[in-house]
Amino acid sequence: MDHAADAHRTDLMTITRHVLNEQTKHPESRGDFTILLSHIVLGCKFVCTAVNKAGLAKLIGLAGETNVQGEEQKKLDVLSNEVFIKALVSSGRTCILVSEEDEEATFVEPSKRGKYCVVFDPLDGSSNIDCAVSIGTIFGIYLIKEGAEPKLEDVLQPGKNMLAAGYCMYGSSCQFVLSTGTGVNGFTLDPSLGEFILTHPDIKIPKKGKIYSVNEGNAKNWDNPTAKYVERCKFPTDGSPAKSLRYIGSMVADVHRTLLYGGIFLYPADKKSPSGKLRVLYEVFPMSFLMEQAGGQAFTGKQRALDLVPTQIHERSPIFLGSYDDVEEIKALYAAEVKK
Ligand code: AFP
């Protein structure tokens, strides 16, 4: 046995150690955020295990329910939702929870209440479960005013007011990506330790990318700027090489690749879905928060995504996010369209 190597394994930057280090920078902190995060991490580990076992355990399959978007719910969606609701309530640090799976927001009972609101999609990309493609959990965290009674308006805030955001991707490895507003860090689950280890410190998205990511099957319904942008990706007019297309159809996986390799992810509005498909609170905001923190941009076709003020918890918005220069190009196309 290599004892030196084993000893080294205990000197790793785990996610808990990382967040505790961050906490020391805020002397007023009482550790509430660290506790909340450890409950989110626990939920992710549980879902990761369930996802890995799904094929064998026959957890896959319809649970016979539909969610608030009218989509069929899979058993893993139901399970993941229950896991996160329980983990978040039992943290004793939350007051309002908004889940993609629940029509109404959950107001935590007063005896278990804390000051954080968590908006989340417990299992995004669930139509990919049956073919074992990467799926994930997305979350964003808001803070309510000290001593105030929680109300729905506390979660109907622009994304720029989020305190933290992140996702966990259940892929060939389990990756947890987090921003608390001071950059982006990526952690990989070491299954032998059951710990997320810092493997991608201070992630910065390349300024310009070589990949575009979009469901081109919707092209016939796109507006002019989106159609023109995608055309330029394929047939550049400035002498640059054509971009490659990569589209998984699972936002966490598509955004994770975009964050690490650069490029642009787009889910635009189209004639059939004038507000696009993706949900503002628990898809658009957390991913836009991470992109900006990594040096990229996120744009709705009209404005900076994080400036959007949602009026409903399940509201949707078009989204273009990724490398700074690539998003700049689509912004210019929309600006030119407005001038016409
Ligand atoms: P599902 O959870 O129904 O699989 O939807 C996933 C998702 O919300 C998001 O993760 C993808 O980016 C997007 O939908 C893919 O949508 P299209 O299938 O319309 O391309």
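For all residues, glycine too, the Cβ spot is worked out from N, Cα and C.
TrEMBL has this to say about the protein:
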DOMAIN    13-201  domain 'Fructose-1-6-bisphosphatase class I N-terminal'
DOMAIN    205-334  domain 'Fructose-1-6-bisphosphatase class 1 C-terminal'
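Across the range of the domain 'Fructose-1-6-bisphosphatase class 1 C-terminal' (205-334), the DSSP-based residue counts are 56 helix, 19 strand, 55 coil. Averaged across the domain 'Fructose-1-6-bisphosphatase class 1 C-terminal' (205-334), the predicted model reaches a pLDDT of 97.
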